[in-house]
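A.B. asks: One structure is given below, represented as structure tokens, and several questions about it will come after.
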Amino acid sequence: MRLSRPARIALRIAALLGFAAIYVPLLLVLVNSLNPDRSSSWPPPGITFHWWADAWGSAGARHALVTSLKAGVGATAAALVLGTLIAFAIQRFRFFGREALSFVVVLPIALPGIVTGVALNTAFRTVLEPLGVGLGLFTVVVGHATFCVVVVYNNVIARLRRMPGSYEEAAADLGADTFRAFADITFPLVRSALVAGGLLAFALSFDEIIVTTFTAGPSTQTLPIWIFSNMARPQQAPVVNVVAAVLVLLSVIPIYIAQRMSSDTASGSRI
Amino acid sequence: MSDTERAAGHSARRPAGTLAGRLHRRPRLQLSLLLSAPLTWLILAYLGSLTALFMSAFWTTDTFTSNVVKVWSLDNFTTILTGGVYQQVALRSVGVALAVTALCVVIAFPVAFYTARIAPRRWRPLLVVAILTPLWASYLVKAYAWRLILAEGGLLEWLLSPFGLDGPGYGLTATVLVLTYLWLPYMILPIHTGLEQIPDSLLDASSDLGARTGRTFRSVVLPMLLPSVAAGSVFTFSLSLGDYIAVQIVGGKTQLIGNLIYSNITLDLPLAAALGTVPVAVIVLYLFAVRRTGALSSL
């Protein structure tokens, strides 16, 4: 398609504005963490690193961070196993309910988080609590894994679709059994899809607030819950600013890893 | 000799090989081994609790004790369908979700067009990363940033006041704005991927047949992008429809269906459950409609 020069310039400007709109709020978070004024007014009257020191010493923030990391790792591990199993079943077999299954996998992320959250909350309280398992880190992991499965599933199945079945047949012809063919042929080929899917699952879990609200119980606080409950408190606002800034800066790391691991799946889709 | 027999012949030597051979000859067994764990999880943990929740939508609550009374009735649904407030909020929520989706499409198109077809080739992977990065920054951090931008004495007021303009403040407009910001990358990415996959030869063919840019765009590019837009819209639409946190942060007094559900959970769980069926029904219908475009398999 030949675009005229003015059209190209117009699109360039529109894209530039789009990117500016995407990044200005994130930059503002960084600037604000250095704002000496407690009410974060604009423009900032100066620069201070005072709040960064405060945040470093904040036990609440640190504790919440550790809880979030644990929940993320647990949910990612569960999602990797379940998502991969479903992807293999759907890609390699034709069975009754196959379409329905691929639909159900998408549901937890397509339905509003509040519905999933309330449903899990009532289920956990009626089934698990009589068994002595209260709401806590375990239920958070179960809740998160439920909607993380789809990210792993999507990444793995996209890779399997592009992978010719003849590779495994060739391995079998050369004498490899099912396990051997998986370990030597299939697994290396889907590995980067697993990394990409795992990273996305971790990011989803790390950022999740709604399902967490309903599955965490009063004693478990993840980082988003900590931010949400401290945001409105003027005393804590500067520390929340710093934590927010740190999260923006840290978000570059998974992007970098995903990009290094596989250029196709990482850019393919978030879910 | 079929490869099944050959695999069995090889595998007879080792115990693991025997197992592999057995598995290979029984695809049904393989399938059930693959599916048992995920099905247990999805059906027991997820579909089971969803069903239980929606069954409770047919129960009622004792007005004095707030305890759930397990007697079947359609009272909650009658309340929702006849109560003017509920209808209003439901319509407003669908309106917000549609507005956010439309805004996302309008903003995403030029950005994706630039990143996929105009930007120099070696910049493109980098630009994709630039679109993706904000997705990894926390939802709350972004909503919170907008709270600061829209606040009295915030960035927007500071920018607009020299022109004698006012910002939107906290309210419905702010909610739509923030949700659009939050979900925009979900729309840019599929459109970018869709545009990238259109072969140049197709566009050349179109212009060889005499189509000008506008005609090529309408008759070739747009129809090919429809599944991508539909895929992106699943996220922008359903994420907006269920949101209640962004509304709490920048919405002022605005109420969306998520807020109604949230505020009823402790007082009247059956009513909250009945309210929950509204977005679920809307989204399932939306998913079915979108599935026809083939968008779900390209998510």
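Using N, Cα and C of the backbone, Cβ positions are placed for all residues, glycine too.
Sharing the features that TrEMBL gives for it:
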type     : residues  : note
DOMAIN   : B:90-290  : domain 'ABC transmembrane type-1'
TRANSMEM : B:31-59   : transmembrane segment
TRANSMEM : B:94-114  : transmembrane segment
TRANSMEM : B:126-149 : transmembrane segment
TRANSMEM : B:169-189 : transmembrane segment
TRANSMEM : B:220-241 : transmembrane segment
TRANSMEM : B:269-289 : transmembrane segment
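Any idea what these are sitting next to in the structure?
C.D. replies: Tertiary neighbourhood of the transmembrane segment (B:31-59): same-chain residues 23, 68-74, 76-77, 269-270, 273-274, 276-277, selected by CB-CB distance under 8 Å and a gap of 6+ residues from either end.
Beyond its flanks by at least six residues, the transmembrane segment (B:126-149) meets 111, 114-115, 119, 155-156, 170, 174, 177-178, 181-182, 185-186, 188-189, 192, 245-246, 249-250 of its own chain at Cβ-Cβ distances under 8 Å.
Cβ atoms under 8 Å from those of the transmembrane segment (B:220-241) belong to residues 93-94, 96-98, 100-101, 104-105, 108, 179-180, 182-183, 186-191, 193-195, 198, 202-203, 206, 211, 257-258, 279, 282-283, 286-287, 290, 293-296, 298-299 of the same chain, restricted to positions at least 6 beyond its ends.
Listed as Cβ neighbours of the transmembrane segment (B:269-289) (distance under 8 Å, sequence separation of 6 or more from its ends, same chain) are residues 53-54, 56-61, 68, 76-77, 79-80, 86, 90, 93-94, 234, 237-238, 241-242, 257-258, 260-262, 296.
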